[in-house]
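Asker: Sharing a structure below in structure tokens format, with a few things to ask.
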Amino acid sequence: MDKAAPVIVKRVRKVAAGHHGGAWKVAYADFVTAMMAFFLVLWLVGVASKKEKAAISEYFKNPSAVVGRSATPSASTAGPGGAADKMLPTTDPILVPRGVGAASGTAVSRDPDADQLERRERRALEALKRDIERAIETSPALAKFKNQLLLDIITEGLRIQIVDDRNRPMFDLGEVSLKPYTLDALRQLGLMLQSRSNRVAISGHTDEAPFQAPHGYGNWELSAERANAARRALVDGGLAEAKIARVVGLAASVPFDRDDPLAPVNRRISIVVLNRASDAVAGTARAIPPGGLSTAGRVLAGR
């Protein structure tokens, strides 16, 4: 019997092909896209005028502002008589909004006549500031407050701040009656402000020292009462009641010295000689019925 022929089984092993390394294509595509965007920006910068560049820059600094105008006030030098060399960039009691059109989303166009009127109005406020500074040097009533009277031009107009001094407070602790020398100074200011057509806004401020009295009377009520006392003194000095746009108490919500909440300069009376735009905004508060004192910095009626 013949031997059977051997059966040979040949197994073929399939091996997957090696990686072709296509990841570099993704990186290259990203690089090309970035370069395209870069050169597109260079081209746009090259064809834009200086005015357009300034408008674009202003938009990214403050998108809510009108092109070419900042909606926030800048810090200004406080002058003599404060705990800080610079006044903090606070505005009180309101900020005049300058934004974009509600429907179109485009910047509000500026009227050249309005710009000229605004410049003329600013020059008038600067002249009033110089007059008050001269009066501080010559008037016995104001000279006592030489280191406590701070003047600066802000968004709303000319701000006159009378700050407390440790050795010369405007009020006794926790009281709302003005010291005699403070009363004389405010009367002198009232006489000077009456010579201008601008209305004024008055705000009272306290430090963060807790103050509690019966029936929930605290710093809000105290600051409002002190602001109203300042209003009465200005009127006694000759300022017409009709020129009072607003009287508010802000307690310690807008500190002068943020680093020291208990600093005497935080206790102050702020009088803002309103410009035309701010006065128009303040006029919206006239619909509030008289009712005397309110809390949380709301409008006070004259008392």
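Each residue, glycine too, has its Cβ placed from N, Cα and C.
Not my notes, these are from TrEMBL:
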TRANSMEM  26-45  transmembrane segment
REGION    67-86  region 'Disordered'
DOMAIN    158-277  domain 'OmpA-like'
Asker: Please work out the mean pLDDT for the residues of the domain 'OmpA-like' (158-277).
Answerer: 93
Asker: Could you tell me how many residues in the domain 'OmpA-like' (158-277) are helical, how many are strand and how many are coil under DSSP?
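Answerer: Helix/strand/coil tally for the domain 'OmpA-like' (158-277): 45 helix, 31 strand, 44 coil.
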